[in-house]
Structure formats: structure tokens, C-alpha cells
């Protein structure tokens, strides 16, 4: 079971709700993915006016856990204000904390992230911190009270998949008891499998499903890929070797003289 701030979930897939062709396709993708948690941008809700309100009502009817985020924020002040508004709107202390440092790469500003996390943790928020694959930053986020760390595997929307598996593996090795969720950069089901094989607790993705030719089928594919990766990790994956090792025993082999 996936444990997030004292709440347990069967699914290890979290799904974003943006960019889908229609609400009906989003609904079907959520069902096929078996996800129990979806992320929502507060800016979509507030900027959308009546349409945003309808979307929130749509999500409530799905009876699913909503994780609001601070997507689009570039400063500590913006992120803290957005988090407080999200708490009022969605009636939850959970927040996926994002503070972007560069508009082109969408790389997290880790310095502002730690500062904002410290403020929000002191005000009772349960933070899901979107960060880079830097171990030291992850440790700093833990120091200020975060319990869920969400390293990227590649830039948002890039679909490149894990490009620094050594860094991700290092975070997992040094933080064995911390809940770690891969967030951003996933492009295909095999990427999600790799993330889970590294020992990560869950995967959050959006574009790879929303922009697929068949989002509903892709959602199901990701669900199964994540299950496979988790099972492989739990089973104990054979480490790669630099030399060949025979798999066929030689006991009983005939000897000719």
C-alpha cells in the first residue's frame, strides 16, 4: 500500500487532469488507470470562472482524492498564496508545491522551494515537493518538514524518461524510508516501469496520457506498467554485469577423452 501522510492507497499512479480532449475522456482515463489521486491546478479553477467551477464539480462526482498544485508560480510569495487559496477551495491541507525557476526548462527553483516549504509546513500543510534529482535538495526539504519528495526524471512535458538513473538511485538509497514519487518527464509506460524498478513509491504523470492518441488505453497501459515495475522491484531485480555468466549448469556434462 502507498502511504501518504497517514492515508493509504492501493494504486501507485497519480494522474494529472490537464490537456485531455474532453471531460469524458478524462473520466474514462481515470477509471482505466485505477488511480486514486489526481492533481489539479488552482489557476485553472480560478481563471476558468464558471467553467472552472464545473470542472471542480466534475472531480467531486468522481469521488477521488484531489491533490492541488502551485503550477505556474515563480516566487515564494506566489506559491504560498496559491497554496492557501487551494486549501480554502479544495478543503485539503495537501499541496503539490512547485516553484519554477526557468520558463523554458521549467526547472524547479530549489532555493525558493525549500523556503516556501518551510513556511507552509509551519502552517500545517502536507507538502508534496516537486524538485530535481539532487539528493542534497531532497535532504533539505526533509529538514523543513516535507514527508513526500517528488524528483523529476526529466523536464516537464519532455517525454524523455529517466535521464539520470544514477541520481534517482542515489536518492532512493540514501532515503530508504522516505516516500518518493517520480514526477515529470515520463513519456511512455516503460519509463514508469524503470522508475518503479528503481524502488520509487509512485509515479505522477499527465501529458503522456492526456496527449496520447488513445488516452484511455494509455492510462490502462501505465497502470499495468507501474504494477509490473513495483513487482519486479519487490522480487529482486538481477543487477547488470560487465561479463557473461553461463545460465546452464555444467554438472552432469559429458566428458570426452
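For all residues, glycine too, the Cβ spot is worked out from N, Cα and C.
Residues annotated as active site, schiff-base intermediate with DXP in Swiss-Prot, with sequence analysis given as evidence: 96. In sequence order, 39, 67, 68, 69, 70, 128, 130, 150 are the residues near residue 96 (active site, schiff-base intermediate with DXP), counting only same-chain partners six or more apart with C-beta under 8 A.
Under the DSSP three-state reduction, residue 157 (1-deoxy-D-xylulose 5-phosphate binding site) is assigned to coil, being neither helix nor strand. Sequence-distant contacts of residue 157 (1-deoxy-D-xylulose 5-phosphate binding site), defined by Cβ-Cβ distance under 8 angstroms and a gap of at least six in the same chain, are 106, 184, 185, 207. Sequence annotations record features per position, and here Swiss-Prot assigns 1-deoxy-D-xylulose 5-phosphate binding site to 157, 184, 185, 206, 207 based on sequence analysis.
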Requested in this report: Starting from each candidate's C-beta and looking 10 angstroms out, tell me which of the binding-site residues 206, 207 has the most other C-beta atoms.
Outcome: 206
**Report entry** For 1-deoxy-D-xylulose 5-phosphate, whose listed binding residues are 157, 184, 185, 206, 207, the greatest C-alpha pairwise distance in Å
**Finding:** 9
**Report entry** Collapsed DSSP category at residue 96 (active site, schiff-base intermediate with DXP)
**Finding:** strand
Query raised in the report: Using DSSP and three states only, what is residue 184 (1-deoxy-D-xylulose 5-phosphate binding site)?
Result: coil
